[in-house]
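**Q** Below are the structure tokens for one structure; questions will follow.
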Amino acid sequence: MSNDTLHKYEALPEDHRNVALRPCLIEEFVGQTEVIKNLKVFIQSAYERREPMDHVLLYGPPGLGKTTLAHIIAKELKVNFRSTAGPLLSKAGDLAAILTNLQPMDVLFIDEIHRLNRNIEEVLYSAMEDYCLDIVVGEGCGARTLKIDIPAFTLIGATTRFGLISNPLRDRFGIPLHLEFYSVDELVLVIKRAAGVICTSIDDSGAREIASRSRGTPRIALRLFRRVRDFLEFERKHGTIDGNFANSALFRLGIDGAGFDKMDLKYLKFVFEAKGPVGIDTIASALSEDVGNIEETIEPYLIKTCFIQRTPRGRVLTQKGFEYLLSSKYI
């Protein structure tokens, strides 16, 4: 594999349209206050010592800024940024090719690091700790191990499934950072910053209307903002996005007052109709969705906002969830 795996992933950022809206510097990053405070210390210390920063593990629900933070760390350290993804690394040789092509102090970002297979993880162990690769050459009695030195680097791993990372790999990250859902006020700032970047007028009520339906997630906030902007340009050509206009556009997009879309509501209604604990496999079958997708994208916010509860016997609708479905006339 030369750098094909590396370049293949870099050509597919999580959302091309978000690239221009991403903050480039740590001072521009909105939210995750405690994480940012600590990162400033770690970045500045490593930069002043002219040493690679310790390896970083970013974990939390999708869309909270893990990839953006990885870019920012490299930018602040003034080093090259290289990226790939766990599913793209099928052989130990794929990872070895990337590591041997790094420059000193580079940042290597591995998205979905929980999807690395164990053989590749073992290659990472010596690379992370000793900046070397142990390569087995030959087979059987003639097999021998070659030790290849690689440049000192910083590995940044990102995952939405922290529990799926093996303990040996997890323990080799000196800086584990958990990203939390955003508050409405923080999402308002994210939306206003994006509006300024793409020269779209939006007032406080419009930004707050979108933010309140974004499930605590910047990626969703930016996606909804772009769609509301589309409606504005289609219907008025110019003007300001206010609360009423944003509400109307979001209604047309099928986003309700709590930020739930049709799939969220289908999930909640199914759990309600089950009249008791229901297993994730049963839910996935009923919704025709992958179990992993439900656990990664649908459930985290529903659990965070106490609409559903996980129990040893399955998922249960909470009183809050029941009252919401009832008051919104979904049941």
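Positions of Cβ are set from backbone N, Cα and C atoms, glycine also.
The feature ATP binding site is assigned by Swiss-Prot to L21, R22, G63, K66, T67, T68, E129, D130, Y131, R172, Y182, R219. Among the features that Swiss-Prot reports, Mg(2+) binding site is placed at T67. The feature DNA binding site is assigned by Swiss-Prot to R310, R315, with sequence analysis given as support. The region 'Large ATPase domain (RuvB-L)' annotation in Swiss-Prot covers 1-182. Here Swiss-Prot flags 183-254 as region 'Small ATPAse domain (RuvB-S)'. Feature annotation from Swiss-Prot assigns region 'Head domain (RuvB-H)' to 257-331.
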**Q** Please give me the CB contact count at 10 A for L21 (ATP binding site), counting all chains in the structure.
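**A** So the number of other Cβ atoms within 10 Å of L21 (ATP binding site) is 20.
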**Q** How do the residues of the region 'Head domain (RuvB-H)' (257-331) split into helix, strand and coil according to DSSP?
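**A** Residue counts for the region 'Head domain (RuvB-H)' (257-331) by secondary structure: 44 helix, 9 strand, 22 coil.
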**Q** Could you find out if DSSP has Y131 (ATP binding site) as helix, strand or coil?
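**A** Reduced to three states, the DSSP call for Y131 (ATP binding site) is coil.
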**Q** For the region 'Small ATPAse domain (RuvB-S)' (183-254), provide the mean pLDDT of the predicted model.
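**A** Within the region 'Small ATPAse domain (RuvB-S)' (183-254), the model's average pLDDT equals 93.
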**Q** Restricting to the same chain and to sequence separations of six or more, state which residues have a Cβ under 8 Å from that of Y131 (ATP binding site).
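**A** The list for Y131 (ATP binding site) reads D149, I150, P151, A152, F153, given in order along the sequence.
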**Q** Taking only the Cα atoms, work out how far R310 (DNA binding site) lies from Y182 (ATP binding site), in Å, as a whole number.
**A** 22
**Q** Starting from each candidate's C-beta and looking 10 angstroms out, tell me which of the binding-site residues T67, R310 has the most other C-beta atoms.
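**A** Top count of Cβ atoms within 10 Å goes to T67.
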**Q** Output, ordered by sequence, the same-chain residues six or more apart from R315 (DNA binding site) with a CB under 8 Å from its CB, or 'none'.
**A** V271, P277, V278, G279, I280, I283, E299, I308, Q309
**Q** Would you list the DSSP helix, strand and coil counts for the residues of the region 'Small ATPAse domain (RuvB-S)' (183-254)?
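**A** Going through the region 'Small ATPAse domain (RuvB-S)' (183-254) residue by residue, I get 50 helix, 4 strand, 18 coil.
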**Q** Ten-angstrom check, please: count other Cβ atoms within 10 Å of the Cβ of Y182 (ATP binding site), all chains counted.
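**A** I get 25 for this one.
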**Q** Among the binding-site residues G63, E129, point out the residue whose Cβ has the most other Cβ atoms within 10 Å, with all shown protein chains included in the count.
**A** G63
**Q** Among L21, R22, G63, K66, T67, T68, E129, D130, Y131, R172, Y182, R219, which the record lists as binding ATP, how far apart in Å are the two most distant Cα atoms?
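**A** 37 Å is the greatest Cα spacing among the residues binding ATP.
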**Q** For L21 (ATP binding site), which DSSP three-state class applies?
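**A** Looking at the DSSP assignment, L21 (ATP binding site) belongs to a helix.
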